[in-house]
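Heads up: the structure comes next, in structure tokens.
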Amino acid sequence: MTAGSAPPVDYTSLKKNFQPFLSRRVENRSLKSFWDASDISDDVIELAGGMPNERFFPIESMDLKISKVPFNDNPKWHNSFTTAHLDLGSPSELPIARSFQYAETKGLPPLLHFVKDFVSRINRPAFSDETESNWDVILSGGSNDSMFKVFETICDESTTVMIEEFTFTPAMSNVEATGAKVIPIKMNLTFDRESQGIDVEYLTQLLDNWSTGPYKDLNKPRVLYTIATGQNPTGMSVPQWKREKIYQLAQRHDFLIVEDDPYGYLYFPSYNPQEPLENPYHSSDLTTERYLNDFLMKSFLTLDTDARVIRLETFSKIFAPGLRLSFIVANKFLLQKILDLADITTRAPSGTSQAIVYSTIKAMAESNLSSSLSMKEAMFEGWIRWIMQIASKYNHRKNLTLKALYETESYQAGQFTVMEPSAGMFIIIKINWGNFDRPDDLPQQMDILDKFLLKNGVKVVLGYKMAVCPNYSKQNSDFLRLTIAYARDDDQLIEASKRIGSGIKEFFDNYKS
């Protein structure tokens, strides 16, 4: 596929353009089906499918008590609940008799339709035709399952994959399991929101001069994997102008972009040191429309005129990780190949999880349903409002943690710098060596620092452990990653921040270069 070609709006052109990206294993995947999936009339007795009758299920009904507000143990939120009831016959579109049964590999239609509408409203692919028939979504069993299926479909021993130099390392493990080679892409580690994230100049030079560069013995990259918003571990986001440049590079050098976005809805307005606990999410002026248009970073899908972006989303961060429920967005051709893999491996994700998520979203809609909104619109609006409340809580936790870190003696002595995050769950703290030379044995010194932190009663992640190539990132890996997600309450986050400051101070009090 070449830059400037007409957008591929039909399956035939998608197949022509993206067949070369497929793993050699893809051609051997086919489900050897022995059943006839055609519809039968109601008067036919079904003896073909190996499905237990729903009366064999030990659960006949479930009642869900659904929070309207996260952390609603506050007395003022005493009545902030709604409910959902599920039984063998209801809700009519997704009763237990259906959701607990074997189901379509791509996902149960009610939730699948909601998810596609959700993506279309927020990040509609630029290559989409009017009927949205050339792209689709499939549900999957959590982010790692999505990654596994994507990389198994587009990677093999001949593939080179680019990944941000610090990343969620299981993604790298998934790539390497296919035999593909991983190379690190330099990042700008800064709290400047207009320059942070992938170093576009470095990426341009690397690709434009591939034949003479450091990886000239490898095949030219066919894939970029990126956590572009609220990046793990850095909490940084690739600004819009960089996204446009990266997409142009993808066109020029013909590679796919796998955009992993578990944190994208957890946007953080900039920290205000004059009003450290200021939270724009509490503003009465913040509508769902403004949140979507002014707060959220737009997906690479919205730039994707060529259909070369595969987007991964999950319910783990905005609902619950134990559901193991995620979804993949891509052009119809690539998505069918991913679905072919699911057909012979995991099959459908948990129907119980799908039923719980769908019923919860529907209940949120019903509790706020008005005559001006259809159920479809109310479900979208209700779910976005829930996400905004989650984002608001995370933003408060971010502000509280930053304030507590800035008040520590260690920070005020210049022993560390806080890289304020722009989205997500993570904050990184860069260690400042001050009058000391940066140690040659950096990983060992970071391990020693970790022991001082544990001695003070706090556990974090060491930056070098999340490096794609520790040697390549040696000069940038002297940071700590802390998460603001799991702490019980404000007091625990404040205490953890104090302990971090104390641990870093003790480390430097005992440090010998």
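For all residues, glycine too, the Cβ spot is worked out from N, Cα and C.
What Swiss-Prot annotates here:
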MOD_RES   Ser90  phosphoserine
MOD_RES   Ser92  phosphoserine
BINDING   Tyr102, Ser143, Asn144, Asn232, Tyr263, Thr314, Phe315, Ser316, Arg324  pyridoxal 5'-phosphate binding site
BINDING   Asn232, Arg481  substrate binding site
MOD_RES   Lys317  N6-(pyridoxal phosphate)lysine
Taking only the Cα atoms, work out how far Ser90 (phosphoserine) lies from Phe315 (pyridoxal 5'-phosphate binding site), in Å, as a whole number.
23
Chain-internal residues, separated by at least six, CB under 8 A from Lys317 (N6-(pyridoxal phosphate)lysine):
Pro262, Tyr263, Tyr265, Leu266, Ile390, Met425
Looking at the recorded positions Ser92, Asn232, Arg481, whose Cα is closest in space to that of Phe315 (pyridoxal 5'-phosphate binding site)?
Asn232
Which of the binding-site residues Asn144, Asn232, Arg324, Arg481 has its Cα closest in space to the Cα of Ser92 (phosphoserine)?
Arg324
Looking only at Tyr102, Tyr263, Phe315, the binding-site residues on record, which one has the least crowded Cβ, with the fewest other Cβ atoms within 10 Å?
Tyr102
Which entry in the list of recorded positions, Ser90, Asn144, Asn232, has its Cβ near the fewest other Cβ atoms, using 10 Å as the limit?
Ser90
Cβ neighbours within the same chain of Arg324 (pyridoxal 5'-phosphate binding site) - under 8 Å, at least six residues apart:
Gly141, Gly142, Asp145, Pro349, Ser350, Ser353
Helix, strand or coil at Asn144 (pyridoxal 5'-phosphate binding site), per DSSP?
helix
What is the separation, in Å, between the Cα atoms of Tyr102 (pyridoxal 5'-phosphate binding site) and Arg481 (substrate binding site)?
41
Could you state the CA-to-CA distance between Asn144 (pyridoxal 5'-phosphate binding site) and Asn232 (substrate binding site) to the nearest Å?
14
Which residue, of the recorded positions Ser92, Arg481, has its CB surrounded by the fewest other CB atoms within 10 A?
Ser92
